[in-house]
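Worksheet: the structure to be examined is printed underneath.
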Amino acid sequence: MNTFPWLTALGVLPLVGSIIVALLPKSRPSLAKQLALLIALATLGLTIAMALQFDGGSAEPFQFTESYSWIPAFGISYSVGVDGIGLVLVALAATLVPVVILAGWNDVEGDSSKGSGSVKGYFALILVLETLMIGVFSATDLFLFYVFFEAMLIPVYFMIGRFGGPQRAYAAVKFLLYSLVGGLLMLAALIGLYVVSANLTGTGTFDYLSLVGLDIDPMTQRLLFAGFFIAFAIKAPLWPFHTWLPDAAAQSKPGTAVLLIGVLDKVGTFGMIRYCLPIFPAASVWYAPVIIAMALIGIFYGAFVALSQQDMKRLFAYSSMSHFGFIALGIFVFTTIGESGSVVYMVAHGLSTAALFLTAGFLMQRRGGSSMLGDYSGVNKAAPVLAGFFLFAALSSLALPGLVSFVGEFMVLLGAFQRYMFVGALATLGIVITAAYVLRVYQKSMTGPLASGLEGMADLKGREIAALVPIALLTLVLGVFPAPILNVINPAVNQLMTTIGATDPPTTLTTSTSAEGTLQ
Amino acid sequence: MTAASMSVQALVGRFATDTPFELPVIDYRLLMPILIILGAGVVSVVIEAFAPRRARRPLQLILVLGSLVAAFIAVVGLAGTQTTTAAGSIAVDGPALVMQGAILVIALLGGLLMAERMVDPSGDAFAPRASALPGSDDERQFAARGYLQTEVWPLFLFAVGGMLLFPASNDLLIMFVALEVMSLPLYLLAGLARRRRLLSQEAAMKYFLLGAFSSAFFLYGAALIYGYAGSVDLPVIAAQLSGKPSESAIVLIGLGMLLVGLLFKIGAVPFHQWTPDVYQGAPTAVTGFMAATVKIAAFGALFRVLYVAFGGMRWDWAPMMWIVAILTMLIGSIIAITQTDIKRMLAYSSIAQAGFILVGLIAASPAGLAGAMFYLIAYGFTTIGAFAVITMVRDGNGEATHLSKWAGLGKKSPLVATLFSVFMLSLAGIPLTSGFIGKFSVFTAAIEAGAGWLVIVAVVASLIAAFFYVRVIVLMFFSEPNDQTATVAIPSVFTTIALAAAATITIVLGIVPQPLIELLANADVFVR
C-alpha cells in the first residue's frame with residue numbers, strides 16, 4: 001500500500017469534485033450541495049484511511065512521499081509528504097470541510113440578488129480550497145508550497161467577495177492585498193533562498209530537505225527569515241499584521257470564516273514551524289525575543305479589543321488573534337513541549353473556532369444576519385440546544401480543562417515557563433481576559449430576559465446539530481485523551497528540535513506535571 | 001586571442017585602406033523569414049493598387065496570415081543556427097530566432113485582431129479614409145457609404161519585417177534601418193483609428209515626432225561610435241573596446257545616445273512620455289500588436305548592443321541602467337495607479353513591465369537574457385490578450401475604455417471578465433501564470449548576478465503594480481453593474497481565436513514552462 005499516492009489522491013478528489021459541482025446545471029442547487037458533501041466526506045474517509053497507515057515510529061522525515069520533476073530548470077518538483085504536524089493539519093482541514101458544507105447548507109440561497117447559480121459556485125470554491133489546503137500542508141517543495149500558499153487566495157477572495165456581507169468587496173480586497181504583500185515578500189525570500197542554495201551546493205533547489213541542511217550565513221538568514229516570517233505573520237495573523245482579519249471575518253459567511261481562521265490562518269503558524277525554524281535556525285533564535293514580544297502584545301491586544309467588541313464576528317476574530325499569539329509563543333520558546341503544544345493548539349483552535357463561528361452563524365441567521373451583541377439576550381430560553389452548544393464553544397475557546405484547547409494552551413504555557421519564567425507568567429494572565437470576554441458574550445446573548453424579536457425563535461435543526469456534534473466530540477475526546485495526536489506530533493517535534501539544535505532547558509517544573517507523561 | 005585581434009586589424013584595415021570593394025556573401029536561406037515578410041509586404045502593396053475592391057480583403061488576409069505562418073516555419077527551420085551573414089551585419093543566432101519566432105506568432109494574433117469586423121457595427125476599427133480630415137464632409141460621406149479600407153495590411157507587414165530585422169541586426173546601421181522600417185508603418189497605423197480620430201492623429205503625430213527625434217539620437221550615437229571604433233559592426237566595436245582599456249568620452253556619449261534611441265522604443269523612463277498617448281489614441285488592435293511586438297524587437301536590439309558590442313563596458317553602463325530600471329519600474333507602477341482609462345493604465349503598466357525586463361538586462365548573463373526572453377514572450381501574449389478584451393468591451397460610442405464603465409462587467413459577461421482577470425494576474429506576476437515564471441526567471445538571474453537590491457526594488461514595484469491590476473478585477477467582479485456599464489460585443493472567429501490562444505499560452509506557460517525554459521536556455525548566447 002506504500003506505493004499508493006495518498007496525498008495526491010487526497011488533493012485530486014476535491015478538485016475533481018469541484019469541477020463536477022461547478023458543471024452541474026444551475027437549476028439543481030440541492031444536487032450540488034449533496035455532491036459537495038459526498039466528496040468532502042469521501043475525502044475525509046480517505047484521510048482517515050491514510051492516517052491509520054501513518055507510522056509514528058518511522059525514522060523517515062516524511063511519509064506518503066511522492067516526487068515528480070516539474071520545472072527541473074529551477075530545481076522545482078512536485079514533491080509531497082507529511083510528517084506528524086502536516087498530518088494532523090491535513091486531518092483538521094479534511095474534518096472541517098464537510099462540517100462547513102453541512103453547516104452552510106442554506107447560507108448562500110438567502111441571497112436573492114445572486115440567483116441560484118452561485119449556490120454551486122460557493123460549494124465548488126470550498127472544494128477547491130480543500131485541495132489547496134491539503135496541498136499546502138503536504139508540499140515538501142518550497143515552490144510548490146508557495147504556489148498553494150498563493151493560490152489559496154483566489155477561492156477565499158471570491159468566497160468573501162461574492163458571498164459576504166455588505167462591506168464584502170472592501171474586506172476581500174483588504175485580505176487579498178495584505179496576503180499579496182506577504183506573498184511577494186516571501187517570493188523575494190524564496191528566490192533569495194534558491195540563490196543561496198545555488199551558491200552553496202552548485203545547483204539551486206527548492207527541495208525542503210535539501211534546504212534544511214544548508215549552512216547559511218547568519219546575516220543572510222536574518223533577511224530571508226524576515227521575508228518568510230512576515231508572510232506567515234500576515235497569514236496567521238500576528239500583531240501588528242492583523243488588521244485584515246476582523247474585516248474579513250465580519251464580512252464572511254460563517255463557513256468561510258471557519259475555513260479562513262480555522263484552517264487557512266494555521267498555514268501561517270505551520271509555516272513558522274515547518275520553514276522558518278529548520279531552514280533559518282540561527283535567525284529564529286536571533287529574532288525570538290522580538291517575536292515573543294509580538295506574540296505577547298497580540299495575546300493582550302486581541303483579548304482587550306475583544307472585550308470591548310459589540311460585533312460578535314469581529315470579537316471572535318480578535319479573540320483568534322489573541323490565540324495566535326499563544327501559538328506563536330509556543331513556537332518561539334524552542335522547547336519540545338512548547339512546539340508540541342503549539343501544534344495541538346492549532347488543532348484545538350481550529351475546532352473551537354469552527355464551533356464558535358458556526359453556532360454564532362446559526363444564531364445570527366435566526367435574526368436576519370445581525371451580528372451585534374446588543375440584539376441578543378436570553379436565547380437559552382427560546383433555544384436551549386443552541387445555547388448549550390454556544391456555551392460549549394465558549395468554554396472550548398477559553399480552554400476549559402478536559403477540552404483539547406486546554407491541552408494545547410497548557411503545554412504552550414509550560415513550554416514558555418521552561419524557557420522564560422517571566423514570559424510564561426505574563427501569558428498566563430492572558431487566559432484571564434480570555435475567560436472574561438468569552439463569558440461576557442455568553443452572558444449577554446444567552447442569559448437574561450429574552451430580547452424582543454427573538455420570541456418563537458427556532459432551536460437548532462437536525463442538520464445543524466449534525467454539523468456541530470463531530471466538532472464537540474473531537475474537542476472532548478482529544479481533551480481527555482490527547483495521546484493519539486501527541487503520538488503523531490511528538491516524533492516530528494523531536495526531529496525539529498534536533499534539526500534546529502535546541503535542547504530543553506533543565507527545569508524542575510516539568511517533572512511534576514501530568515503533560516510530561518504524555519510526552520514520554 | 002591573437003587570432004581575434006589579427007582579424008580585427010584586418011577588418012579595420014579594410015576600412016582604412018583602398019582595397020577593392022568585395023561583394024558581401026549573402027546567404028538568402030538565413031534571411032528567409034525576413035524576406036518572406038518584406039516580400040509579402042510588397043505583394044500587399046500591389047494588391048492594394050490593382051486588385052478589385054471586393055477581392056482585396058480575402059487576398060490580403062490570405063497573404064498576411066500565410067506569410068506569417070511561412071516565415072514562422074522558416075524560423076523553426078533555422079533553429080540551432082549560430083552564424084552571421086551579409087558580411088557580418090545580420091546575426092542569425094539563438095536570441096534572434098527566438099525573438100523572431102515570438103514576434104511572428106504574436107503578430108499573427110495581432111493580425112487576427114485587426115481583421116475583426118464584427119465588434120464595431122460601422123465596420124472595422126480603421127478610418128474609412130485616413131486622408132479625409134476629421135469632422136469634414138468628406139469623412140461623413142465615406143462613413144455613410146460604408147467604406148472599409150485594407151491599407152493597414154501592407155503597413156502591418158512592413159512593420160513586422162522591420163521587427164524581424166531589428167533584433168537580428170549585428171551592425172548599427174542595419175539596426176537603424178530596421179528601426180525605421182519598423183517604426184514608420186507604426187506611426188501611420190497609430191493614426192488610423194475610425195473613432196476618436198483627432199486623438200488618434202494626435203497620437204500618431206506625437207509618436208512620429210518623438211520617434212524621429214530618438215532615431216536621430218540613435219544615428220548620432222552610431223556615428224560617434226564609428227568615430228571611435230572605425231566600424232559599425234558590433235563585434236568589431238567590442239574588439240576595439242577591449243583593445244583600448246582607457247575609455248574615451250566619445251564612446252560613453254555615443255553609447256548614451258544609442259541607448260536613448262533604444263530605450264525610447266521600449267518605453268523606459270525618462271523616454272516614456274509618448275506611451276500613454278499613443279496607446280490610448282491608436283486603434284486598440286494596433287496598440288495590442290505594437291505593445292507586444294515592439295517591446296520584443298527593441299529589447300532584442302538593446303540586448304545585442306549591450307551584450308555583444310559593449311559587454312566589456314558593463315561597469316560603465318550598468319549604473320546608468322540601474323537608474324533607468326528603477327525609475328521605470330517605480331514611475332510606471334505609481335502613475336498607473338492614478339489612471340482612469342484602461343488603455344492608459346495598460347500603457348503605464350507596459351512601462352513598469354519594461355523596467356522588470358531591464359532587471360534581466362542588468363544581470364548581464366545568459367540567464368538574464370533567457371529570463372528576459374521568457375518575460376518578453378509571456379508579456380507579449382498576455383498583453384495582446386488584454387487588448388483583445390478591450391476591443392470587445394464597448395458602449396454606444398465605440399470602445400468603453402473608461403474604467404468606470406467596467407464596473408460590474410464580471411456579472412454581465414463572466415467569461416470575458418475572467419479571461420481579462422487571467423491577463424491581469426499574469427501581468428501582476430501571480431503563480432500559475434506566465435508572468436510569474438517570467439518575473440521569477442528575471443529576478444533569479446539578477447540576484448545571481450549580484451543585483452539583490454535591484455530585485456528588492458523590483459519586488460516593491462511589483463507590489464504597487466499588483467494594486468492596480470487587482471483593482472480592475474475588483475471593479476469587474478465586486479461592483480454592481482449600472483446603466484453606464486459597457487457591454488461585450490460578440491466577436492467573429494478572428495478575435496475569438498486570438499483571445500483563446502493568448503489565454504491558453506498565458507496559463508500553459510505558467511504551469512508547464514519547462515519546454516520553453518529549455519528552449520531559451522539553448523538559445524541564450526549571441527553570435528559574436
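The backbone N, Cα and C atoms fix where each Cβ goes, glycine too.
As recorded in TrEMBL:
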TRANSMEM  A:6-24  transmembrane segment
TRANSMEM  A:36-54  transmembrane segment
TRANSMEM  A:84-105  transmembrane segment
DOMAIN    A:139-434  domain 'NADH:quinone oxidoreductase/Mrp antiporter transmembrane'
TRANSMEM  A:143-163  transmembrane segment
TRANSMEM  A:175-196  transmembrane segment
TRANSMEM  A:223-245  transmembrane segment
TRANSMEM  A:286-308  transmembrane segment
TRANSMEM  A:315-337  transmembrane segment
TRANSMEM  A:343-364  transmembrane segment
TRANSMEM  A:385-408  transmembrane segment
TRANSMEM  A:420-439  transmembrane segment
TRANSMEM  A:465-489  transmembrane segment
Long-range Cβ neighbours of the transmembrane segment (A:143-163) (under 8 Å; 6 or more residues past either end): 70-71, 74, 76-80, 107-108, 111, 114, 118, 121-122, 125-126, 128-129, 132-133, 135-136, 169, 171-173, 175-176, 179-180, 183, 186-187, 190, 206, 231, 235, 248, 251-253, 256, 259-260, 264, 267, 271, 275
Hey, does the transmembrane segment (A:175-196) touch the transmembrane segment (A:385-408), meaning at least 3 C-beta pairs closer than 8 angstroms, sequence gap 6 or more? no
In the same chain, residues at least 6 away from the ends of the transmembrane segment (A:84-105) whose Cβ sits under 8 Å of its Cβ atoms read 7, 10, 14, 33, 36-37, 40-41, 43-44, 46-48, 51, 54, 56, 62-63, 122-123, 126-127, 129-130, 133-134, 137-138, 253-255, 258-259, 262-263, 266, 270, 273-274, 343, 346-347, 350-351, 354, 358, 361-362, 463-464, 466-468, 470-471, 474, 485, 488-493
Thinking of Cβ pairs under 8 Å, which stretch from A:6-24, A:420-439, A:465-489 has the most of them with the transmembrane segment (A:343-364)? A:465-489
Spatial neighbours of the transmembrane segment (A:223-245) not adjacent in sequence (6+ beyond its ends, CB under 8 Å) are 149, 171, 174-175, 178-179, 181-183, 185-186, 188-190, 192-193, 196, 216, 261, 264-269, 271-272, 275-276, 279-280, 283-284, 287, 291, 294-295, 297-298, 301-302, 317, 320-321, 324-325, 327-328
